[in-house]
Amino acid sequence: MAFDLAARLAERRAADLYRQRPLLQSPQGPNVVVDGQPLLAFCSNDYLGLANHPEVIAAWQAGAERWGVGGGASHLVVGHSTPHHQVEEALAELTGRPRALLFSTGYMANLGAITALVGQGDTVLQDRLNHASLLDGGLLSGARFNRYLHNDAVSLANRLGKACGNTLVVTDGVFSMDGDLADLPALAEVARARGAWLMVDDAHGLGTLGAHGGGIVEHFGLGIDDVPVLIGTLGKACGTAGAFVAGSDDLIEALVQFARPYIYTTSQPPALACATLKSLELLRRETWRREHLAGLIRQFREGAVQIGLQLMDSPTPIQPILIGDSAQALRLSQMLRERGLLVTAIRPPTVPAGSARLRVTLSAAHSEAQVQLLLNALADCYPQLEAADA
């Protein structure tokens, strides 16, 4: 048989890299039911606790009553409704840019932006730890594709010296598996000096960073000249679904004309856009969510240091615990689950070989008492893991 899928699957299982989908049987939130088991979850990207917010739910319901439940067509045919347009205007205001353009997913936004902006004869330079969707966009663009050392402006400058054509520098804003921030001021300075554009995927920074939740660009006090192309997702801190690109009028018009993942897909349900409008309102108005989240991050990091956990340099809700071995990461995750805590083990190829980890994510919906429960369980389980490994 030409396609020996069984052998490929067996190989992955033997390497402790086999993935399975847990079945969520409750709404998103700290307390969930997964595969029939009540658990306290620390693995969702619902950073501000808006995914199950009653006002967001009510906005979706009212939107469905007013606009129906389907987009019906692509944006360029007859699928671009008033709620879609209102969300784009709200996102432009939040990010401080002239315009924004809605996409169905973050993956599609990244592929659409990169492939619309560069092609054969051009250059794409990406951080080596960028999200898979960014890397795929670079490969699919047909442009000359290269990666620079993680968060290293000197490495980027060296590669820019060899670039040809239009050059797009691409980085995550917050790196999804490490939680660290891109050094945008340094990257932007290098890119501008070489006439390149900087594109930032702020999937994990939007809503959590910046005084008004505008994300990593606001956090660093940068503007559109520093970061001409800004990507954001709506399924994380915003608690709904979808993504967007924000930038100049010319950028958005170019994407409408040339971004195939935008052109050739049906628009989101208008009711979803209504829900997103409400979540954006809450994101800006209820600043206590970011303040509470920042306190939980401090609490977790201080407690983890006392336990002796190996954390990464992350000031964000993403707090990975580095384990190294995939089997050990799975074992620690299972030990926590037996104590009623859900923390996902992240293994290669999502992260580099030898750097398997538990990816703890915190939410404004968590309480200090819940974070302490996690720390207590880690204090109990982690020494057992080390003892078994000795």
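Yeah, the Cβs are placed from backbone N, Cα and C, and that goes for glycine too.
Record note: Swiss-Prot gives Gly106, Tyr107, Ser176, Thr233 as pyridoxal 5'-phosphate-binding, and the candidate from His75, His80, His150, His204 in that site is His204. In Swiss-Prot, the substrate site is described by Arg19, His131, and among Thr316, Thr350 the residue recorded at this site is Thr350.
For the pyridoxal 5'-phosphate site, the Cβ centre of Gly106, Tyr107, Ser176, His204, Thr233 serves as reference, and the other residues of the chain with Cβ at most 8 Å from it are Asn110, His131, Ser133, Asp201, Ala203, Gly235, Lys236, Ala243. Site extent for pyridoxal 5'-phosphate: the farthest pair of Cα atoms among Gly106, Tyr107, Ser176, His204, Thr233 sits 14 Å apart. With the fewest other Cβ atoms inside 10 Å of its Cβ, the least crowded of the binding-site residues His131, His204 in this structure is His131. In space, His131 is the closest of the recorded positions His131, Lys236, Thr350 to Ser176 (pyridoxal 5'-phosphate binding site), judged by Cα positions. Among the recorded positions Arg19, His131, Lys236, Thr350, the ones whose Cα sits within 10 Å of the Cα of Tyr107 (pyridoxal 5'-phosphate binding site) are His131.
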